[in-house]
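As recorded in TrEMBL, the features of this protein are as follows:
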- Glu67, Asp172: divalent metal cation 1 binding site (BINDING)
- His100, His124: divalent metal cation 2 binding site (BINDING)
Amino acid sequence: MFLDFHTHHVQSPDQVYALRNCRYGQELWEAQDISLGIHPWDTFQKDWDWDEFEQVAKQDRVRCIGEAGLDVVRGGPFQEEIFLKQIRIAEKLTKPMILHCVKAYNEIMAIHKIVRPRISMAIHGFNRKKELAKELIHRGFYLSFGGALLREPTVMEAFKHCPLERVFLETDDREDLKIEDVYSKAAELRQMSIDHLKIELYKNFYERFILAFPL
């Protein structure tokens with residue numbers, strides 16, 4: 001079975017285990033497993049009912065908190081405050097986080113260094129160079145690759161240099177993108193079979209990301 005680490009698709013094929021993203025306050029899909037968070041684009045409002053958020057996030061089907069994070073290009077003025085609050089809740093519930101990061105990698109790394117979270121964090125939709133990928137992994141982050149892996153040579157190179165135990169694959173919000181195609185390209189780049197890759201990414205999710213604290 002394919003693991004789609006981060007998707008907005010309402011439905012996925014039977015052979016795909018999809019971790020569906022729900023933006024708190026806008027949607028709460030009746031999917032088996034979801035991630036739940038306040039997106040940086042939704043941070044124009046400062047005051048949220050954090051008790052209610054925590055109660056919803058406690059549900060077993062909420063496997064991760066997020067996507068949460070920072071976006072320099074788009075979003076409200078309370079991004080950092082809301083991001084930090086979600087980190088604290090994720091820590092309290094011992095649930096990992098899925099991060100949205102646009103042109104704010106230095107800020108994300110600075111927050112991570114100060115907060116020193118015990119829970120795992122993955123940056124979804126990574127589309128930058130291998131040097132940044134190496135730095136993020138060195139600091140304890142996981143990286144999830146999506147559509148850019150099929151078309152951007154610099155992203156392909158970054159993926160090839162990442163430790164396999166620190167990566168995931170995703171479709172995000174692209175309706176035209178099939179997770180099978182992302183796996184096919186990833187397997188080609190790593191010179192391994194798709195079946196082997198599927199096994200390794202399942203291990204990453206269930207044995208490392210969900211259960212284990214970062215190094």
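Each residue, glycine too, has its Cβ placed from N, Cα and C.
Caution: TrEMBL annotation is automatic and unverified by curators.
It should be emphasised that the depicted structure is a prediction, and the values quoted were computed from it without experimental measurement.
Shown on the structure are the features that TrEMBL records.
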residue: Glu67; record: divalent metal cation 1 binding site; DSSP class: strand
residue: His100; record: divalent metal cation 2 binding site; DSSP class: strand
residue: His124; record: divalent metal cation 2 binding site; DSSP class: coil
residue: Asp172; record: divalent metal cation 1 binding site; DSSP class: strand
Binding-site residues listed as Glu67, Asp172, least Cβ neighbours within 10 Å: Asp172
Neighbouring C-beta atoms (10 Å sphere around the C-beta of His124 (divalent metal cation 2 binding site)): 24
Inter-residue Cα distance where the pair is His124 (divalent metal cation 2 binding site) and Asp172 (divalent metal cation 1 binding site), in Å: 8
Residues satisfying Cβ distance under 8 Å from His100 (divalent metal cation 2 binding site), sequence separation of at least 6: His39, Pro40, Gly66, Glu67, Ala68, Gly69, Leu70, Asp71, His124, Gly125
